[in-house]
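These come from Swiss-Prot:
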type: DISULFID; residues: Cys68-Cys80; note: disulfide bond
type: DISULFID; residues: Cys102-Cys151; note: disulfide bond
type: DISULFID; residues: Cys496-Cys500; note: disulfide bond
type: CARBOHYD; residues: Asn33; note: N-linked glycosylation site
type: CARBOHYD; residues: Asn67; note: N-linked glycosylation site
type: CARBOHYD; residues: Asn153; note: N-linked glycosylation site
type: CARBOHYD; residues: Asn156; note: N-linked glycosylation site
type: CARBOHYD; residues: Asn171; note: N-linked glycosylation site
type: CARBOHYD; residues: Asn238; note: N-linked glycosylation site
type: CARBOHYD; residues: Asn309; note: N-linked glycosylation site
type: CARBOHYD; residues: Asn338; note: N-linked glycosylation site
type: CARBOHYD; residues: Asn497; note: N-linked glycosylation site
type: CARBOHYD; residues: Asn523; note: N-linked glycosylation site
type: CARBOHYD; residues: Asn536; note: N-linked glycosylation site
type: LIPID; residues: Cys571; note: S-palmitoyl cysteine
type: LIPID; residues: Cys574; note: S-palmitoyl cysteine
type: TOPO_DOM; residues: 1-543; note: topological domain 'Extracellular'
type: TOPO_DOM; residues: 565-575; note: topological domain 'Cytoplasmic'
type: TRANSMEM; residues: 544-564; note: transmembrane segment
Amino acid sequence: LMVVTSNADRICTGITSSNSPHVVKTATQGEVNVTGVIPLTTTPTRSHFANLKGTQTRGKLCPNCFNCTDLDVALGRPKCMGNIPSAKVSVLHEVKPVTSGCFPIMHDRTKIRQLPNLLRGYENIRLSTSNVISAETAPGGPYKIGTSGSCPNVTNGSGFFETMAWAVPKNKTAMNPVTVEVPYICAKGEDQITVWGFHSDSETQMGRLYGDSNPQKFTSYANGVTTHYVSQIGGFPNQTEDEGLKQSGRIVVDYIVQKPEKPGTIVYQRGILLPQKVWCASGRSKVIKGSLPLIGEADCLHEKYGGLNKSKPYYTGEHAKAIGNCPIWVKTPLKLANGTKYRPPAKLLKERGFFGAIAGFLEGGWEGMIDGWHGYTSHGAHGVAVAADLKSTQEAINKITKNLNSLSELEVKNLQRLSGEMDGLHNEILELDEKVDDLRADTISSQIELAVLLSNEGIINSEDEHLLALERKLKKMLGPSAVDIGNGCFETKHKCNQTCLDRIAARTFSAGEFSLPTFDSLNITAASLNDDGLDNHTILLYYSTAASSLAVTLMIAIFIVYMVSRDNVSCSICL
């Protein structure tokens with residue numbers, strides 16, 4: 001038997017946090033209240049588009065071509081000639097149908113509006129200095145090169161697109177289809193984008209210009225793609241695109257993409273617009289829908305939110321295409337555990353007693369310390385002292401950082417792998433891109449959520465292990481100078497003020513230094529038996545007599561029960 005009387009101090013281990021618990025999801029325990037969390041998601045707000053940090057970003061194809069659409073630049077409108085800067089990223093800012101301020105074009109008959117987008121997809125773009133075909137002497141000629149007042153040049157004279165030559169035959173006669181080969185004239189490794197087309201008008205104008213008022217046939221072939229056209233005769237109202245003279249005629253414009261060293265062919269009749277200067281393009285530029293102007297810089301360009309600066313690894317909200325150092329879309333907000341399981345003080349006081357409540361309070365939050373720090377606290381006459389254990393805290397931080405980095409690296413790799421596969425597929429099934437992109441996003445989101453659940457499980461278990469290790473170290477340092485009262489707390493045989501606690505945190509504590517006579521120590525006195533005049537023999541006699549009597553009584557009782565059970569003895573009870 002031991003009697004404990006004390007006026008000593010208590011020292012407890014714990015982890016700091018806010019007083020309010022946080023909830024995280026785990027793989028096997030479901031939702032768990034923890035002492036701290038790291039938010040992993042943010043919900044962005046809409047902003048203007050910007051230049052991507054550290055990356056050449058292209059807005060307009062030709063920034064110095066004023067009052068020109070990107071289609072003007074792509075077709076080589078006389079007043080819209082200029083250099084296209086190199087760029088790793090291009091912003092598709094012309095989302096509505098765009099016209100060209102030149103001769104009226106029948107946009108709906110071809111994919112010509114896609115030409116600027118095609119060019120945006122290249123990092124390096126240049127217009128050839130020489131013509132790919134000698135238009136005057138092409139098959140079916142000789143030709144006179146036509147111009148139009150609807151397409152004024154820099155001196156406001158009649159002009160035409162730099163990428164095409166309007167081949168008006170000198171001999172006004174009908175012509176069977178003829179073929180011209182389009183040679184590859186770009187540098188090795190460049191794709192050649194060759195623009196061509198044809199002109200059609202009323203029967204009267206077709207007869208006057210070409211000597212044939214019948215519909216004409218045209219065919220292009222390059223890179224395994226064949227396209228056929230038949231011209232439409234008449235029925236056009238007088239109009240112009242943006243400026244210049246109104247025209248009753250129309251032009252149909254198309255393009256072919258020629259891979260390195262691969263020629264193309266064009267089969268045509270009257271009204272041909274022969275290829276002239278060609279676009280030579282190389283490298284890849286990522287394209288994203290957006291708007292101009294580009295203001296400032298951003299980590300990420302997002303089709304729905306504009307320019308974003310990454311503050312969290314993941315985001316919730318609208319999913320859309322994004323490029324750059326972007327957060328990854330997830331369905332629901334995610335939190336990473338940054339502490340131990342939360343234990344409410346009131347519950348601990350009821351179930352584990354006063355000292356259990358103290359331990360729970362410490363794990364629930366210490367005032368005056370940064371959230372997430374491991375350390376010690378002492379309670380006594382000096383009040384409350386708190387000291388952080390830097391080594392244990394750093395180990396915990398490293399563990400959480402490792403989980404966070406591993407989580408990020410894992411998902412970035414998955415994103416890159418899935419994106420790469422889907423981008424390749426996208427080239428074959430463009431019409432399914434949005435559905436494929438949604439499927440990709442859902443897949444990645446599910447993987448991220450599972451990874452966070454597993455990480456939370458590991459972090460919570462790891463934090464509990466850190467606290468147990470901290471408790472073992474404290475017990476070893478205190479040695480016989482303290483009594484383990486459970487729940488990470490010890491009652492010391494000496495006072496432990498802030499200096500004492502700092503020594504413990506620094507691992508330089510010496511019990512002898514604080515076990516001075518001036519301190520009130522833990523008084524433990526053995527219980528003693530009072531002497532009432534009885535010696536040891538008398539006590540032993542009393543004990544043996546009582547034991548013998550008890551044994552005899554038990555034997556008699558057992559015998560009576562046995563006899564009654566065999567009907568050898570009857571027992572009657574009378575009142």
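Cβ coordinates come from backbone N, Cα and C, glycine included.
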Considering every residue in the topological domain 'Extracellular' (1-543), what is the mean pLDDT value?
77
In three-state DSSP terms, the structure that Asn338 (N-linked glycosylation site) belongs to:
coil
Cα proximity to Cys500 (disulfide bond), best match among recorded positions Asn33, Cys102, Asn338
Asn338
List the Cα distance (Å, whole number) between Cys496 (disulfide bond) and Asn171 (N-linked glycosylation site).
112
List only the single closest residue to Asn156 (N-linked glycosylation site), chosen from the recorded positions Asn67, Cys102, Asn171, Asn497 by CA-CA distance.
Cys102
Translate the DSSP assignment of Cys68 (disulfide bond) into the three-state scheme.
coil
Taking the Cβ of Asn338 (N-linked glycosylation site) as the centre, how many other Cβ atoms fall within a 10 Å radius?
26
Where does Asn33 (N-linked glycosylation site) sit by DSSP, helix, strand or coil?
strand
Cα-to-Cα gap, Asn67 (N-linked glycosylation site) vs Cys80 (disulfide bond), nearest whole Å
8
Integer Å distance between the CA atoms belonging to Cys151 (disulfide bond) and Cys68 (disulfide bond):
13
Rounded to the nearest angstrom, how far is the Cα of Asn309 (N-linked glycosylation site) from the Cα of Cys151 (disulfide bond)?
44
Pop the Cα-Cα gap between Asn338 (N-linked glycosylation site) and Asn33 (N-linked glycosylation site) into the table, whole Å please.
11
Pop the Cα-Cα gap between Asn153 (N-linked glycosylation site) and Cys80 (disulfide bond) into the table, whole Å please.
9
